[in-house]
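The structure appears right after this line, and notes come after that.
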Amino acid sequence: MKTQRDSPSLGRWSLVLLLLGLVMPLAIVAQVLSYQEAVLRAIDGINQRSSDANLYRLLDLDPRPTMDGDPDTPKPVSFTVKETVCPRTTQKSPEDCDFKEDGLVKRCVGTVILNQARDSFDISCDKDNRRFARLGNFFRKVKEKIGGGLKKVGQKIKDFLGNLVPRTAS
């Protein structure tokens, strides 16, 4: 009498299961997002949660910090988004939308997880006040240059007037 153990099909199934076991970890590794892909997914989430009328698109991504290799560990991110011309209700990808002229710019910081299966992020965005700070720096420099120039002009006038000697009639 023949048993199932002696059957050649059992050996084939064992081989198939072994191969599947070897291939599955490779499939899991393939589900790791790149740093930029994780940020773009986070922006999609920001757009879904936003109450603003238009979509936001990545304007500037800060350099990737050094990271460990674990895709399940939250990775720090910081980037800037800008308002686009596309309404939030559109089916377009934000990457296909033009930036809105004088659109709102937001600075975003937080963490993302690169494991695509977990698809997790914790990001907060605020109005980008850096351009106003730069504008303030510009006016301060202008004031310093004008103030310094006025001091020089004032000193030259004072020197000129000091060099004028009253003429005496002889």
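From the backbone N, Cα and C atoms, a Cβ is placed for every residue, glycine too.
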Which of these, C86, C125, shares a disulfide with C97 in Swiss-Prot?
C86
For the annotation region 'Active core' in Swiss-Prot, which listed range does it cover: 98-110, 111-123, 150-162?
150-162
How many helix, strand and coil residues does the region 'Active core' (150-162) contain under DSSP?
13 helix, 0 strand, 0 coil
Once the chains shown are all counted, how many other Cβ atoms turn up within 10 Å of the Cβ of C125 (disulfide bond)?
19
Would you report the average pLDDT that the model assigns to the region 'Active core' (150-162)?
81
